[in-house]
Amino acid sequence: MSAARESHPHGVKRSASPDDDLGSSNWEAADLGNEERKQKFLRLMGAGKKEHTGRLVIGDHKSTSHFRTGEEDKKINEELESQYQQSMDSKLSGRYRRHCGLGFSEVDDHDGEGDVAGDDDDDDSPDPESPDDSESDSESEKEESTEELQAAEHPDEVEDSKNKKDAKSNYKMMFVKSSGS
């Protein structure tokens, strides 16, 4: 250690040329065995130069390469656009927004006074939705259609069922109120 101090006295600048001492950054002088091991070491340390092996394309494999025709591309794009439009229409209309919060639900008025904003559809107009969307109808919509059929046959019974429905919703609301007041 004292020999190292004598060769490099404190406070004296060293020359820019490397001495016989090997620094920690001189990896190429390390004896790692054959050239392959040396390249692996340099690659793992992040100092190795990567050899360019050619163009690598993700998914470019014989088993996965399936090229679509222009017609298939158009068909897929049209389906995606129609699905997007349907979802945006239903989101903006608020038609399928049945739950407003924990324990709260939308009250449907059949008189036409409490229509949801943006829901200007008449009941007589056909829905622009595909037949696949008919499977996703909620139970409340099915109940409404059965009530409309009953209204044509027995108007007095429908009023009673509406009153019962309102009483049920009020009864549910009593349990939802906060217990702090």
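Numbering starts at 1 and runs along the chain as it is shown here.
Just so it is clear, glycine is given a Cβ too, placed from its N, Cα and C backbone atoms.
Keep in mind it's a predicted model, so treat the numbers as computed, not measured.
Noted in Swiss-Prot for the protein shown:
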COMPBIAS  48-78  compositional bias 'Basic and acidic residues'
COMPBIAS  106-147  compositional bias 'Acidic residues'
COMPBIAS  151-169  compositional bias 'Basic and acidic residues'
CROSSLNK  Lys13  SUMO2 cross-link
CROSSLNK  Lys62  SUMO2 cross-link
CROSSLNK  Lys75  SUMO2 cross-link
MOD_RES   Ser15  phosphoserine
MOD_RES   Ser17  phosphoserine
MOD_RES   Ser63  phosphoserine
MOD_RES   Ser87  phosphoserine
MOD_RES   Ser125  phosphoserine
MOD_RES   Ser145  phosphoserine
MOD_RES   Lys172  N6-acetyllysine
MOD_RES   Lys177  N6-acetyllysine
REGION    1-181  region 'Disordered'
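Features recorded in Swiss-Prot, as mapped to the structure shown.
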residue	record	Cβ contacts under 8 Å, 6 or more apart
Lys13	SUMO2 cross-link	none
Lys75	SUMO2 cross-link	none
Ser87	phosphoserine	none
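Lys13 (SUMO2 cross-link) carries neither a helix nor a strand DSSP state and counts as coil.
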